[in-house]
Amino acid sequence: LTFMFLLHVFQYTRVWIPDTEDVWKAAEIVKDYKEGDPVLRLKLEDETPLEYPVGPKSNPLPFLRNPDILVGENDLTALSYLHEPAVLHNLRVRFLESNAIYTYCGIVLVAINPYEQLQIYGEEVINAYSGQNMGDMDPHIFAVAEEAYKQMARDEKNQSIIVSGESGAGKTVSAKYAMRFFATVGGSASDTNVEDKVLASSPIMEAIGNAKTTRNDNSSRFGKYIQIGFNRHYHIIGANMRTYLLEKSRVVFQAEDERNYHIFYQLCASASLPEFKDLALTSAEDFTYTSLGENIFIEGVNDAEDFKKTREAFTLLGKSHDQNSIFKVIASILHLGNVEICSDRDGESCHIARKDVHLQHFCNLLGVELQQMEHWLCHRKLATTSETYVKTMSTKQATNARDALAKHIYARMFDWIVEHINLSLQTSTKQHSFIGVLDIYGFETFEVNSFEQFCINYANEKLQQQFNSHVFKLEQEEYMKEQIPWTLIDFADNQPCIDLIEARLGILDLLDEECKVPKGTDQNWAQKLYNKHSSSAHFQKPRMSNISFIIIHFADKVSQGLLHQLFDEFQLVADLFSDKDDVTPAKSARVNVRALKTVPKAPNKEHRKTVGHQFRTSLHLLMDTLNATTPHYVRCIKPNDFKEAFSFDSRRAVQQLRACGVLETIRISAAGYPSRWTYPDFFNRYRVLMKKSDMTTADKKLVCKNLLETLIKEPDMFQFGKTKIFFRAGQVAYLEKLRTDRFRSACIKIQKTVRGWLQRIRYRKIRKMAVTLQRYGRGYMARRYADFLRQTRAAIICQKQCRMVRERREFLRVRRAVVTIQAYAKGMFTRRIYQEFLLHHKAMIIQKNVRGWMQRKQFRRARNAAITIQCAFRRMHAKRQLKQLKIEARSAEHLKKLNTGMENKIVQLQRKMDDQSKELRTQNEQLQTVNTSLGSEVNKLQKQLELLRSEQEDGGQVRSLEEELEHLRKELEEAHALRNKMEEEHINEKMDLTQVGEGDRPTDTLPFIDGCVCVSEEVSSVSLQSELDKERERYQNLLKEFSRLEQRYDNLKEEMSLNKPGHTRNPSNQSSLESDSNYPSVSTSEIGDTEDSIQLVDEMGIDKAAMDISLFMKLQKRVRELEQERKKLQLTVEKMEELAKRKVTEQGFIRGQETADLAYNNLKRQELESENKKLKNDLNELRKTVAERASQNSSSNELQDSYNLLLSQLKSANEELDARKEEVLILRTQIETDSTPVVNNSKEPVDKEEALKAYHGLCDNHQDWCYLNEDGELGLAYQGLKQVARLLEAQLQTQSRQHKDELEALHTQIELLKGDIEDKQEKLSYMMSLSPEAQVEYSVQQEITRLTNDNLDLKELVEKLEKNERKLKKQLKIYMKKVQELEAAQAAAQSSRSKPELIRQVTVQRKEKDFEGMLEYNKENEALLVKTLINDIRPNNVSGTVPCLPAYILFMCIRHADYINDDQKVESLLTSTINAIKKVLKKNNDDFEMTSFWLANTSRLLHCLKQYSGEEAFMTQNTSKQNEHCLKNFDLAEYRQVLSDLSIQIYQQLIKVAEGIIQPMIVSAMLESESIPSLAGVKPMGYRNRSSSMDMDADGPTSYTLQALIKQLGQFHNIMRDHGLDPEIIGQAVRQLFHCINAVTLNNLLLRKDVCSWSTGMQLRYNTSQLEEWLRGNNLYQSKAAATLEPIIQAAQLLQVKKKTSQDAEAICALCTALTMQQIVKILNLYTPLNEFEERVTVSFIRNIQNRLQERNDPPQLLLDTKHTFPVLFPYSPSALSLEMLHIPASLNIDFLVRV
């Protein structure tokens, strides 16, 4: 760095002096210094005097300090004086006072580890930085990532982010956040979730590559370079990882208080899991390799939980099957470290203990032979050209060999995991570009430096060389672009140091050569280095050592001595793992470990590559990659070695700043022109130094040139470029001093004038106050005397009244006591008399009851005796009559009387029965054919359903999305039900409160109770309203997610249809609403149309029919009905089987009776069918007859009489027919049962067919009858007796069966009661064992359980009844409609028939029919209607008509479909309408006007469906004519819900489009544009405002003013208002847009230091007031939009208020209620004075604010959620427009619609 020599240094100049503790210390010159003075007199900040010696050679003048206004800058290059103390102080101030961990230093982002979790990495922060230029926002890792992403997209060049730093500086975290930014901004376009896999690789690599060190609890012990690939649309498609220099020595050795790699401890912590029992692991303390650091735990880290995350990451990357193999390898390494190697007596050999458990586990886990492993762990092999020798090893050699094997196994496993992670992140898509993230170690130096430190420093030398050349290149490009004369800047080139390491015969070559020597030593290698490189300027030999050397790196000197650390790579490891392409040790197959064959191998250079050679090759490959990309640098700084939060150690920070190249950047920048100003910024900042004559020139560039030539005399101190002015170091500070002096002189003048004016005002005010005080004092004295007189008089009156009251109270007390004594005495005597009377009365009642009981007992005894005598006599008389009847029944005459004429009737009925049996067979055959056809159709439908399911299963994504859609639908239904429930509860509670308020209450307490009720009602309503808003917001968020998934589902379906060859889908056939299945249409003919639907499916084809929602629902319902019928049939079959088993054991007679019952039922069914047909025919004939007679008769009364007469005749005929039919059925049953033949000695039951055959045989064969009796009388008598006996036995069997069933039911009921009694007894015993309080609680709990169950049962019953009620109401509406139509038709017929004939001819004039507000269209024109009104219409086509005209036309069409009772037409039109609206919105997804137009029409259609629904709640504001237009047949409530959801989706799209339009305008209009001219001040900007951060293809970043933003809001408002959108919805939309303005503005304010100033607060408050004025001008102030601006208004006030004392802190806490504590503290930390007269906010003031705000429960996030959406509410807004008055313009071309 160049030192600032001054010839004269004046008093009060502030400087930096060196310090041993703080590196640099601030001081101030107390005496002028002249050239040649030996000392410089200084004063430290603590007022300590100091004499600082100076000299031209030994001790130069100290560095100058920057002005306070420049301290804390975002970019170090913006400082006027660029040197080490200025950089260190700026970082310290930002880190400790502002808690800012990021700072720019030219092209480098300096990141200081805070050792604390900060809320600055959320998704809202990513969104805030996305799309922003590099210098527009505060420094952040996201800004660097956005710069890389933007340059990749703009320049189409690969990018690299190089993250470096010491261990514990935060490199891994910074790289992780950079990758998270790319995963969020450049997320994959498909559903492959590549970004999640990229992020999932971090837990795995941290587990196997990170460890605890003394400096860091999660230190990366390897370097990695991750390439994130992007496609042409810049979405992530894959990634690739390269690793460098894994620290293998940590596997076998850890220093004190350090740990091995995390994976070992994670696996040991989870060893108790059942899947890890085979690993035989215990605690990490039991293993040598994990217990060397003596501390196996990390504070605040749960290894078991981290292990779960590691396994989840493996599963996400598709490596769940390989996890067990990896864990086996890790466990085997731990067991290998515990293998005990014992020394033999000679000391030259060793052996392994017998039955070593750990060696057995090692062999089992890796699948190698135990004996071979025991042998080769203690022996080694020497191979020559002729033979091979096996030689023993000492204990030390064997231990080294064992450790070498462990390290190599772990290294190979590490490489294998990295390789397979890369395979998981690969993609088949072609990579267009990539962004690489390099997480690599910084420069390191320790007391003992290993080979790892050597390679680390070697890599940093290469990176520093690349960094220097890149910085130099950027400086040169900047100067050339601005056409500044370029002078070569000398920068340190470290190529000689790199040549020392990697050139031919360099350190690495000599190291490789010595490693290949069989007995290489450190001495030999060091001697070679001394001989070869002793002349190098970067190489030194230590004084006290012959085996080490010193390398002078660019950052520091490092002592190295490391040959012995490399020998382990070339012993047993080289024999076991000869090539990297061998099979990895994770394989479970058993391996033979044996000596190599004696066959000599040809020498192969690539066979044994040393670690140094491998690292050099990989480093060259890395540098080639970095040189081919555009680099971005992140330098991580470790602020202290104790991991303390926000603690800054200056010495450690300076050491790292020197090592990481930050100071080199400063040096290169300071060598040229570090301060750069654009001409407009310079003019605005320093125009106070100009004269009035200079301001007349319009050319600002010329004005700036003239000013600088006047102020700065040396021309070399500045240069004029094309767009900027370049200054040497210190010149900006000089200009700031001049500006401050000018302001100071102006302030003195202003103060002088203002103070005089204030004193004069003060004198006048004091004089006026004195006069006023005198006047008021005299008045006060007079009033006080008057008060004294009044008080004296009042005291006398009070005394008089008090004495009177005292005496009166005494008198009343005595009188009250006397009255009380008398009352008690009288009461005592009265109660005694009453008790005596009561005793006498009770005795009389007892006597009366006893005498009555005795008389009743005597009467019952006499009555029972009489009844017994009567029963005995009647029984005797009945026996005699029964005996006489039996004798008469046996006589033949009686039987003849019974059976006279029956034979002929039986024959006739038999013939009729034969005919009907034939008909029954034919009908049964027809029924079987119908059942067969139905079964085939069901099978066909099932096959088609399976085919559809198989097609859907081909796309797993479609199925998963359908499941997710179903889940979201359920959540939507639950939310809707919950919302209705909450609204009902709110209404009920409000009614209860109203009733309470109107109840009877005393008149004196009425106002108080009214007030309490009102307050409680208001509180409850507010709480319920907030809960309702939350539920509505949740419901609408779910709906938003549902629409997003629905859109995604449609896209996937389109992709699948495009990907399937030979299969295309017509878009017009697709269903619009995937959600329609949740809202099935209300169809009255749904059940009856099922067969037609099946036929329609066959005609249309399964693809087309599947897209018809209603048809699909009918098919589903038919399938469910068939399934229910199948279950019923199955149950019937099971019951029949049980009955058959039961009947096998019964007697044959019982079967005969069942057969008779079956025959009776069949006959009854056939008879009823035939009678039904006959009755239908008769009824039709009667109707025809009535119609004919009605036409003949001229009088309607005669028609009515004849009609009633015919009805009565028909009724009597039907009654007579029913009686005859029952008689015939009984006779047929008797015939079928009598036809069963009785075979002697046979008790088996007989079939129905056999009984009929036997009966025909008896009728035909007269010989058998004659055999019984010649005239047949005896046979008939026998048959009659048999029939009677059978009937009696059948009745007896039926009664016995019923008795059995009743017994079984009673037994079951008894068992249930027994169980209930036992349960209650158990509960009773349990309750008795409890305490009394517990008994009460237990009983209450049981009662609650019982009541809950009863309540659930009642709810189910109520739901069933409500469902039946709705169904009956719908049917009733349909029947009423049909009755009305029938009555209207009859009335029309009667009027047409009753026309009188006119003699003369009259011309009949047709009246014009009234328009009823309906539009009729043919079914074929539905597609044309939808296309004309929705697809092809534009808002300007209907701009001159009624707003929402398409909605009115569609509703009029729906009304006509409802009028003609066509449910299919209603359903089809609504479905097509919703489909078309969705397609139009999808096509115009970024058109605000189209979205607003269809939001207005959809909401209007929804309001029309409500207004004309016929529900009383929506008819209160209708006219009588509008009530006549209500829907008659259909309830479209479910479609109203669908339209409501669609309206919400359109509203969300409208907000999205509007936010996308205004979001680029917000920051520029609210924060950057000068709404108040000449108010904003400009501060010097740093290197980050360079042109490479801007888009050079355009003219520059577009600047918007506040007027442009307000104009755009006005356009939105005018469009929504012109389209007829409801004012409430417009207000909600404006409120949402104002929330977006507030969130974006506040987020930018919180992330930009340059706008946190007093002037910006003034501008911001003015801008918000303009927005509020716009709200008032458009009558939108009541829409809660102004309330959304409250946070940014308070932020503006916070920037303006005083921030100094504790009273100020209290005022700020009371003022900023809409801001969180984090936001207030952030603004105070960012507050930046624009000139020297403002003061910074002190740290103590900020701490005071924090302490006062601790009680707040603010959310932890810093930024506002810009994507938050308020729940939208569509209030019911009926239309005053009458449908019959609506005019349809001819320009719409809908002539096919007919007005009805």
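Cβ coordinates are placed from backbone N, Cα and C, and glycine is handled just like the others.
Features of the protein shown, as given by TrEMBL:
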| type | residues | note |
| --- | --- | --- |
| BINDING | Gly165, Glu166, Ser167, Gly168, Ala169, Gly170, Lys171, Thr172 | ATP binding site |
| COILED | 875-988 | coiled coil |
| COILED | 1112-1230 | coiled coil |
| COILED | 1278-1385 | coiled coil |
| COMPBIAS | 1065-1087 | compositional bias 'Polar residues' |
| DOMAIN | 71-740 | domain 'Myosin motor' |
| DOMAIN | 1471-1751 | domain 'Dilute' |
| SIGNAL | 1-15 | signal peptide |
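Features per TrEMBL, on structure.
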residue	record	Cβ contacts under 8 Å, 6 or more apart
Gly165	ATP binding site	Ala111, Lys171, Tyr441, Gly442, Arg635, Cys636, Ile637, Lys638, Gln656, Cys660
Glu166	ATP binding site	Arg215, Tyr441, Gly442, Phe443, Glu444, Cys636, Lys638, Gln656
Ser167	ATP binding site	Thr213, Arg215, Asn216, Ser219, Ser220, Tyr441, Glu444, Lys638
Gly168	ATP binding site	Asn113, Thr213, Arg215, Asn216, Ser219, Lys638, Lys643
Ala169	ATP binding site	Ala111, Asn113, Gly442, Cys636, Ile637, Lys638, Gln656
Gly170	ATP binding site	Ala111, Asn113, Cys636, Lys638
Thr172	ATP binding site	Glu206, Asn210, Asn218, Ser220, Asp439
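Taking the Cβ of Lys171 (ATP binding site) as centre and 10 Å as the limit, one finds 27 other Cβ atoms among all the protein chains shown. The ATP site is defined by Gly165, Glu166, Ser167, Gly168, Ala169, Gly170, Lys171, Thr172, and by the 8 Å test on Cβ atoms against their centroid, the other residues of the chain that qualify are Asn113, Asn216, Ser219, Ser220, Gly442, Cys636, Lys638. Residues belonging to the coiled coil (1278-1385) score a mean pLDDT of 77 in the model.
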